[in-house]
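Engineer: Sharing a structure below in structure tokens format, with a few things to ask.
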Amino acid sequence: MSKQFILAIDQGTTSSRAIIFDKKGNIKKIAQKEFTQIYPKSGWVEHDPMEIWASQSSIVREALEYARVSPRDIAAIGITNQRETTVVWDKNTGQPVYNAIVWQCRRTSHICDEINKNEDLKKYIRKNTGLIVDAYFSATKIKWILDNVDGAREKAEKGDLLFGTIDTWLIWNLTKGEVHATDFSNASRTMLFNINTLEWDKKILEYLDIPVSMLPEVRSSSGDFGHTHPSTLGGARIPIAGVAGDQQSALFGHCCFEEGMAKNTYGTGCFALMNVGDKPVFSDAGLLTTIAWAEDGKPTYALEGSVFIAGAVIQWIRDGLGLVRSAEDSEYYATKIDSTDGVYLVPAFVGLGTPYWDMYARGTIVGITRDTRREHIIRAALEAIAYQAKDVLDCMKEDTGLDWAGLRVDGGAVQNNFLMQFQSDILQSEISKPKINEITGLGAVFLAGLAVGFWKDKEELKTILTTEKTFEPKKDPETVAHDYKGWKKAVQRSMAWAE
């Protein structure tokens, strides 16, 4: 057996995963391990970087062992990761100076408020990074660590500290410190990377007082990120050849290679991306402009809409409210009634993303009457996921003038047929669910496989992806418009709540 497999390292917000694929895209083995979510204060979210590395390395070894695959049988590794989450570590010891500050964390909202008072800087950041100023992105998280961790700024100015998003942290550990690099897609989510010049932006770095020496080298998403150190994976030196942030990786996994193709991923958050080609398109409707991936140093751009809370609202009604015993139960209860009877749940637990960008919005349930039951709340939670996706996808149509012949979907929540049908109804569009649900991991191995010749070209990749189920709209446009109007009203109730 020689080089018959390719490995995806899929490091997510709540779990570390390893997926072994064969050349036909079949999954040989998936291994997964959850890790600790740390909430030091209201609105703060952290992870332990050492626990992330320990969980990810152990789960890779477990996947290989259970699949009876030798590390030497792996042609390459593709890495995909939760984006924006920020790690700062000492390059001499390899030890983090603080916990990883997670993308969901709102602790730097006050820094963003100060930036937003500077209209010229705010516009500069929008035009050159493609992002809006928000605590979501890495830039202000790095500044917070440098300003609040004892000795961090002094060490950084001496050149002793390194920054990385999770991909960079994993690459550093896999290579035992030989490679400090990221890819274009992850770099474009830091609010420090100029997507026009394709370099770290000196003006933003200077304003935030972040030394450029901390930042990783930016490389093509499909290409050379070094090899695993023999001590990390059973003595083998496996090429790390594909890297992309989770949402961009999913776009690649869906084979959305042409301009105008779009996908929506339903995970902890909800993320829609549309391929807009080889030149950035800037949004008038609150969408982010981002780099989807880069090959041979040439980027493909995308528009993205980010919803902070999607699948996490189902976790909340299960764990927080105890309304269901499992996520799967939500579909059962939602289909026991014909509608929510005017109940809307807006899951703005950590603010609202696209197109509202309100850091101070908070969750709300409206329309409750004496007749409201468990089923109405559960159904409203599921519908909220679809409504938020519609908010984003409508903006994409508006900004690009492009429509799509259907939408490609993936993520844990696509197993919920009620949600997918409701999504098709309110979009008045076809929804396609692929047979392979591990699209994010597939995108990472597609990028890695192209780099090492495991697959020859994108046309071959398209033959691997097949559709399992298609959802067609069943509701009439008038009903959809009425229900969506109620959603927009509910969103207004949730906004500008926190201080």
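Glycine too: its Cβ is placed from the backbone N, Cα and C atoms.
The following feature annotations were taken from Swiss-Prot:
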- Thr13, Arg17, Thr268, Gly311, Gly412, Asn416: ADP binding site (BINDING)
- Thr13, Thr14, Ser15, Thr268, Gly311, Gln315, Gly412: ATP binding site (BINDING)
- Thr13, Arg83, Glu84, Tyr136, Asp246: sn-glycerol 3-phosphate binding site (BINDING)
- Arg83, Glu84, Tyr136, Asp246, Gln247: glycerol binding site (BINDING)
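Provide an account of the burial state, proximal residues and distances for the features listed.
Structural biologist: Packing around Arg17 (ADP binding site) is summarised by its Cβ count: 23 other Cβ atoms lie within 10 angstroms of its Cβ, all protein chains included.
Cβ neighbours within 10 Å of Gly311 (ADP binding site), excluding its own Cβ and spanning all shown chains: 21.
When other Cβ atoms within 10 Å of the Cβ of Tyr136 (sn-glycerol 3-phosphate binding site) are tallied across all protein chains shown, the result is 29.
Look at Arg83 (sn-glycerol 3-phosphate binding site): DSSP puts it in coil.
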Engineer: At a 10 Å cut-off from the C-beta of Glu84 (sn-glycerol 3-phosphate binding site), count the other C-beta atoms across all protein chains.
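Structural biologist: Within a 10 Å radius of the Cβ of Glu84 (sn-glycerol 3-phosphate binding site) lie 26 other Cβ atoms.
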Engineer: Please identify, from the binding-site residues Thr13, Ser15, the residue with the sparsest Cβ neighbourhood, meaning fewest other Cβ atoms within 10 angstroms.
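Structural biologist: Result for the binding-site residues Thr13, Ser15: minimum number of other Cβ atoms within 10 Å at Ser15.
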Engineer: Give me the Cα-Cα distance between Ser15 (ATP binding site) and Thr268 (ADP binding site), rounded to a whole Å.
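Structural biologist: A Cα-Cα distance of 11 Å.
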Engineer: Of Glu84, Tyr136, Asp246, Gln315, which is closest to Arg17 (ADP binding site) if I measure between C-alpha atoms? They're all binding-site residues.
Structural biologist: Asp246
Engineer: Can you count the other CB atoms that lie within 10 A of the CB of Thr268 (ADP binding site)?
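Structural biologist: A 10 Å sphere around the Cβ of Thr268 (ADP binding site) contains 22 other Cβ atoms.
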Engineer: For Arg83 (sn-glycerol 3-phosphate binding site), which residues of its chain lie six or more apart in sequence with Cβ-Cβ distance below 8 Å?
Structural biologist: Trp103, Thr165, Ile166, Ser185, Asn186, Arg189, Gly245, Asp246, Gln247
